Amino acid sequence: MAFDRIEDIIEDYRQGKMVLLVDDEDRENEGDLLLAADCCTAQAISFMAREARGLICLTLTDEHCKSLGLEQMVPSNGSVFATAFTVSIEATTGVTTGISAADRARTVQAAVNPGAVPDDLVQPGHIFPLRARDGGVLTRAGHTEAGCDLARMAGFTPASVIVEVMNDDGTMARRPDLELFAEKHGIRIGTIADLIHYRLSTEHTIVRIGERELPTVHGTFRLFSYEDRIEGGVHMAMVMGDIRREDPTLVRVHVVDPLRDLVGAEYTGPANWTLWAALQRVAEEGCGVVVVLANHESSQALLERIPQLTQPPRQYTRSQSRIYSEVGTGAQILQDLGIGKLRHLGPPLKYAGLTGYDLEVIESIPFPG
């Protein structure tokens, strides 16, 4: 069964219909049922609970969460895919126990009402909001961001009710199961990768703002500069040699680390590519790209890391949400440079949603130290 076109999925969404979206096999490898929150009814909630069986959640933009005064469920998110749960909610009025389909639909409508204020909701409750990353699936390839993106593109409030699809025996539904589910219920099915691809054809969260030659101790590179429309700041890409989409390209996506890149601090734990080592390796091969991403770490966070240099790396590694943001930004830059296949300077990693950027990791090259 072929996946439906994103254009057709958006049109169904515009008509108030549910759709199925599947993520990458190297991520959750799951499918979620999605519905624009503006179209949520008791019947829709009942169908989701009965047929999909997963946890019914409400995706909201960061701005929307702030307007409702919704705090994160926990101060430090340790979940594998950084799913950003806020505190659970209930409508202040018009509900009884809060768990019925009608009550949950009422809570959703209260949360997405154009004039909604914090007093319209109480906490905790039976609806679980999820805070989407700014930039949507171009920043993080998750169902949370996909829900907000689809609703926005269909002309609704950028918010969706979503639920994971489970099999009768309680196991997670995978692609073959999801295809049968979609056929049984007459629901269109698509992929987050295709949604990323669709958005990239019309919009980006980064924009190229400059290009020039840059002489370095490792040779002359072409320096490309990019403005980040979401996070602010400037990212750079240093390119040597001729880049062709069909040829595997040596690539390092590097987040600026003042402690390591400027003063040469050495961390406890497995060695990884420094900025200078990556530039030297590219120069030795005569062809490759080093993407240098701005570090949005606060001054306070940087100061707190200094005493931890001798501690295990897990004590100061970046959050999963930050990593996904960096992957999305770096992938957009690589796509802009015309790269299709990567020889990745770094340990083997699985990046969610890379297929949506038409990128394929052919090889991972660990640091030789």
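Cβ coordinates come from backbone N, Cα and C, glycine included.
Computed from a predicted structure; not experimentally measured.
Per Swiss-Prot, the feature region 'DHBP synthase' maps to 1-201.
DSSP classifies Ala141 (D-ribulose 5-phosphate binding site) as coil under the three-state reduction. Around the Cβ of Ala141 (D-ribulose 5-phosphate binding site), a 10 Å sphere holds 30 further Cβ atoms from the protein chains shown. Residues or ranges marked as D-ribulose 5-phosphate binding site by Swiss-Prot: Arg27, Glu28, Asp32, Arg140, Ala141, Gly142, His143, Thr144, Glu164.
The Mg(2+) 1 binding site feature in Swiss-Prot is assigned to Glu28.
Long-range Cβ neighbours of His143 (D-ribulose 5-phosphate binding site) (same chain, at least 6 residues apart, Cβ-Cβ under 8 Å): Leu21, Asp23, Asp32, Leu34, Thr59, Ile162, Ile192. Annotation comment: Swiss-Prot describes Glu28, His143 as Mg(2+) 2 binding site.
Its Cβ taken as reference, His126 (site 'Essential for catalytic activity') is surrounded by 17 other Cβ atoms within 10 Å in the chains shown. Residues or ranges marked as site 'Essential for catalytic activity' in Swiss-Prot (evidence: similarity to another entry): His126 (among others).
A simple way to gauge crowding: the CB of Glu164 (D-ribulose 5-phosphate binding site) has 19 other CB atoms within 10 angstroms, across all the protein chains here. According to Swiss-Prot, the site 'Essential for catalytic activity' annotation covers Glu164 (among others).
The feature region 'GTP cyclohydrolase II-like' is assigned by Swiss-Prot to 202-369.
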His126 (site 'Essential for catalytic activity') and Glu164 (D-ribulose 5-phosphate binding site), Cα-Cα, nearest whole angstrom: 16
Asp32 (D-ribulose 5-phosphate binding site) CB neighbourhood, other CB atoms within 10 A: 28
